[in-house]
Amino acid sequence: MLNIVLFGPPGAGKGTQSEKLIAKYKLTHLSTGDLFRAHLGQGTDLGQLARKYMDEGRLVPDEVVIGMVDDKIKNTQDSNGFIFDGFPRTVAQARALDLLLEEKNMSISGMIALDVPEEVLKERIRERGETSGRVDDQDEEKIKTRIQVYLDETIPVATYYKGQEKLTKIHGVGAIDEIFANICEVIDSY
Ligand code: AMP
């Protein structure tokens with residue numbers, strides 16, 4: 001089973017690369033951002049709760065995120081493994097994920113971190129905002145907050161996986177297919 005954490009700041013290309021990885025390796029996509037947006041669209045209580053954090057570009061509290069991921073893993077059968085996209089975003093989430101997987105005799109195969117300079121990120125998010133309709137993609141201050149939250153709270157997650165010797169960095173600027181090929185090379189070495 002392959003369980004991959006695809007890591008990187010907002011706008012790094014995690015969603016784009018996830019789609020290609022799912023098609024190639026037949027994995028289950030677990031994007032916490034997508035799950036929250038689905039809850040928002042369906043008007044659930046969870047969606048209501050998440051909205052105020054998401055609209056401001058802040059992180060939804062760990063226990064809410066972890067509960068949602070636990071549900072998704074429990075409700076997924078016959079999977080070849082997961083691509084975790086946008087999760088874990090805090091060290092507490094990373095620890096919780098290790099425990100959740102351990103209960104099922106599973107573990108993280110590796111973390112692939114997409115490296116993209118801040119100026120490129122801001123430009124990509126602004127461009128995405130023109131078509132995504134995402135409130136958090138359209139406001140300069142919110143984009144800044146999200147990048148700052150990433151630097152303060154999410155970067156330590158890479159250190160966590162580095163400590164487990166599971167971290168590989170990939171240069172995330174250039175042709176999508178070239179980046180994809182570099183990611184596949186890492187995955188094929190697991
Ligand atoms: P994303 O689509 O991954 O950029 O996520 C959009 C927003 O959803 C984030 O800015 C957070 O408000 C929330 N979110 C998504 N994933 C997480 C997570 N793992 N932990 C906390 N908040 C999250």
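Cβ from N, Cα, C; glycine included.
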Could you check which of 31-60, 61-90, 121-150 is flagged in TrEMBL as region 'NMP'?
31-60
Close-lying binding-site residues around ligand 1 among Gly11, Ala12, Lys14, Thr16, Gly174, where CB distance stays under 6 Å
none
For the region 'NMP' (31-60), provide the mean pLDDT of the predicted model.
95
Which three-state DSSP class does Thr32 (AMP binding site) fall into?
helix
